[in-house]
Amino acid sequence: MESRWGIVVIGLLCCVSWVEAITSSPKIQVYTRSPAENGKHNHLNCYVSSFHPPQITIRLLRNGEEMPNVERSDLSFSNDWTFHRLVHTGFVPNDKDVFECEVTHNSVTKSVKWDRDN
């Protein structure tokens, strides 16, 4: 009986090691809570999904500088064991500033600019 438990434990450890070995690059979406109007308060959102492993850095930037008062959702996972997180902050859109989301993951470092037309 003890040998069966040993085999089960070894099998579970192999499965955990296999899941840890999977790397999936994040998908990044940058958008506002409501349609953007210059001079009107809004929220800038960066939704990052489908990444593994869970270690990730997500920053919201205005003209290359980190934005203040950023809030982060809890790190959550999907049925396929990839992770997702929402990062957001209040802001006032205008035509002169560049807003972007910068993501650093072991699979990629990438910045996605907010496109007010999408």
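Cβ from N, Cα, C; glycine included.
It should be emphasised that the depicted structure is a prediction, and the values quoted were computed from it without experimental measurement.
Feature list (source: Swiss-Prot):
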| type | residues | note |
| --- | --- | --- |
| SIGNAL | 1-21 | signal peptide |
| DOMAIN | 26-113 | domain 'Ig-like C1-type' |
| DISULFID | Cys46-Cys101 | disulfide bond |
Cβ neighbours of Cys101 (disulfide bond) where a neighbour is any other Cβ within 10 Å: 25
Helix-strand-coil residue split for the domain 'Ig-like C1-type' (26-113), DSSP-based: 0 helix, 52 strand, 36 coil
Cβ packing number for Cys46 (disulfide bond), 10 Å threshold: 26
Mean predicted confidence [pLDDT] for the domain 'Ig-like C1-type' (26-113): 97
